Every structure is written in structure tokens, then in C-alpha cells.
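Here's what TrEMBL has on this protein:
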ACT_SITE  164  active site, proton donor
ACT_SITE  363  active site, nucleophile
BINDING   19, 119, 163, 294, 410, 417, 418  substrate binding site
Ligand code: FCB
């Protein structure tokens, strides 16, 4: 069955600074928590890091030419905070100049720039002062946002404050599997709260610098499927919804925290880090909500057998997901269920109603075992199938009344997949990490056709 998207629906692709840019010590950029983390032995698979990545910093012209060939309406990228305000010091003109060139090139190619202010590269100096555990980091983020928006806002109108605060807080400060690699209970909840505050403060700054900006935040939300009727699995599902969704969607869309947060996390914290007015600040009028989706969440009850009390509270924040015997898993080990995507989008609509702004899908995609043939081509049919099915799932949600305005495929090109290094490949464009040669995959031609016709075969 062929599915038709409306003419005004945006087709885009997404990337993030640390995953593609490289040039980590050039033109005044200073280290971020991901430089530190990836250079710490044992943290990233095969000891890989983003020092060179796709070398996009030097090859952005070639990359924008590929985007033009692909027929993208819009390109979502992130600005590297440690290029623009390195070490939380003075503004670095050379850092801004890189984004000037990129944005000008995009506009000349007829591609709308969509800039994310924070895709996880916190300046290391701020982490040394406590990072997202500290409210001061939210204030510093707002300063940086004002600089970036003030400088680029004459040309960039679509702004995303944060990418996936769940990952920045829970994966980074509780599970320890992302930078800065901490395993704390209260620290992670403080980080989540200060990220919500940072979102609100930055939204205010972007609006005052760019009156005609469209501002949103990108959340990776869980489509929670309860795995059995057991009370333990019911509780796991309730916690998954709380930690994966509600502690982010409620402050941003409703200006509240869910009532049961205090009850569930009473053993970890008294929440005294929440100050009067914080939730009102987090609850800014938004032009859109960015939603990232990759896999269904099937939470299972976690056994609390961790002897170290600090790690035990951290594991209280984690969520483990069930994988069925023999089911297809992506290179990330993630199950595939496009129907869960429709369920998530309709859940948002049911849960927030009129308080839900229009939605952009800001990331969706798959890492699959791309085989490079002798002639250099990659026939990535798994990717074509996955993206086709997920686009149809988006359209199914639109047909149920959810206001969805666009879709950004993750990712334009293969890149540094965080703790998993370079092995999982998510790109429409293959990158040879020895030569840095770019080669469009079969999915590139397929997606070009989708964005040209607005039709998914
Ligand atoms: C998301 C991240 C993005 C990319 C994809 C696969 O969680 O936002 O940078 O790594 O996963």
C-alpha cells in the first residue's frame, strides 16, 4: 500500500556535532565531556573517539552537496557548545564562523537549517564544576543559547533546545553508559531537573534574540508495553513511563511533575533542588515538540541485587527491556515495531490534548549490517523497509488526528555512535573511515524519491 504525505510535510535528515565534525582541537574548540569520556579506556567500544569522525568540519561543502542531491527540505544539525563558548569563557568567533559557513551553504542549497543547541557535548570545565547536577549549568546554557541565537538567528529560524535529556541525565549520570559516566541516583534526578530548567531558560533567550523563531525540544520517548500481568511488571511499566516520559513531558508541556515521582524516588532524594518558579520556567509555550523514536519499550522488573548502595539507587532509575527469542534485532540490539511508534504518538495526543504542540519526528532510523559490495555500493534493504514502515506509522498517527509536520531521518551519514563507536552505521550515506569517502547507499535514492514525491511505496 502506498501512503501519501501532505505537500507541506517536511522531509529532512539529522546529525549531531560530536558524531560527525571531528576537528576537536581546531579554531579554539575545547574539550567536552564526550572527548574526556571517549578518551577514557574502557568507555567506548574499541577505544574509538570523535577526534576525526566524518571530518565534516572540513568537508561540510561536500556534505551539503549530498543533501541537495538528496532533495532535503530541512537539515537538523547541532551546534557544539565547546566551539562557541569554550571553557565557559568568552565567545569564540572562529567557532561561530564555522556555523556561519554551514548555514550559508545550506541556505544557498535551498535547505532549511534546524539547529539543536545541545546534543550532549557539555564543556568539560562545566562538568568539572558539577555539570548538570548544578543549576548554574542551566544558567550557563542560557548564556550560550543567547549567543548562538543572536548570531545565527537572522538565518536560522528553527531551534531545538535539547536533544534527549533522558540520555543526558539517566544514561550519563545514573547508568554511566554515556558521558560523563556517573552512577548516581540523586545526581541523575538533579541533572534531569536542571536540563528542564535549561530548556526553559534557553527558550526564553532564543525567543528574545529571534522573534520569528520556531522553538522546540527533542525528547526520546518510550512506547511502553507492559510485558505481563504480574505486579512486578506493572510496576516496571509505571516506572518506565515515569522515567522515560513523564519527568520530561510533564514539566515541558504541563509545568508539573507527576505526583508519584516523589513517592517512587523518596529513598533517593527529597527533591529540595527544585526551587519555586522552576516548573513555570520549564513550561514555555512551544512551537513544536521533537520526538525521536527507535524501538518499543518492554520494561521488565529489574532484580535489585547490586551490593553497592550508590549503584543500587542508580539501578532504580534504569529500565531493562525484554527481547523475544529469535526476533529480528538491529545492529544496536533493538527490536523493531513500527506499530509502537503510532502508539507513542497517539499516547502523546491522549495524554496532553490541547497542550500538545505540533510534532516533528526529529530522529528515526536503523543501524543494519550494511555490506559494501565490490563496486562500493551498499544495498541496504533493511533500512528501506524500516524507514518505510516507520513513515507509514507516522502517517497512521496523523490519520488519527495527531498533528505531525515533518520527519528527520537519522542519519544523513554513518557516524560516531557514542559508546558503540563506529560499528553501528545509521547513514543514508556510507562513510569509509579510512579514506573518509562518502558513498550514497540504496536508501539514499529511495529517500530522495520519497521526499520528491511525498509518497512512501
Ligand atoms: C539517539 C541520539 C543520536 C543517535 C541515535 C541513534 O539517541 O540522539 O545521536 O545516536 O540515537
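Each Cβ is built from the backbone N, Cα and C atoms, and glycine gets one as well.
Taking the features listed in TrEMBL, we show where each one sits on the structure.
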residue : record                    : CB count, 10 Å
19      : substrate binding site    : 27
119     : substrate binding site    : 25
163     : substrate binding site    : 24
164     : active site, proton donor : 25
294     : substrate binding site    : 21
363     : active site, nucleophile  : 25
410     : substrate binding site    : 25
417     : substrate binding site    : 20
418     : substrate binding site    : 24
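If you take the Cα of residue 417 (substrate binding site) and the Cα of residue 363 (active site, nucleophile), they are about 14 angstrom apart, rounded to a whole number. Under the DSSP three-state reduction, residue 410 (substrate binding site) is assigned to strand. Calculated from their C-alpha atoms, the gap between residue 119 (substrate binding site) and the residue listed as 'active site, proton donor' amounts to 8 Å. Look at residue 19 (substrate binding site): DSSP puts it in a helix. Put simply, of the recorded positions 19, 164, 294, 410, the one whose Cα is nearest the Cα of the residue listed as 'active site, nucleophile' is 410.
In the three-state DSSP classification, residue 163 (substrate binding site) falls within a strand.
Among the record's substrate binders, 19, 119, 163, 294, 410, 417, 418, no two C-alpha atoms are more than 18 Å apart, and one pair sits at exactly that spread. Same-chain neighbours of the substrate site beyond 19, 119, 163, 294, 410, 417, 418, judged by a C-beta within 8 angstroms of the site's C-beta center, are, in sequence order, 16, 164, 363, 411, 415, 426.
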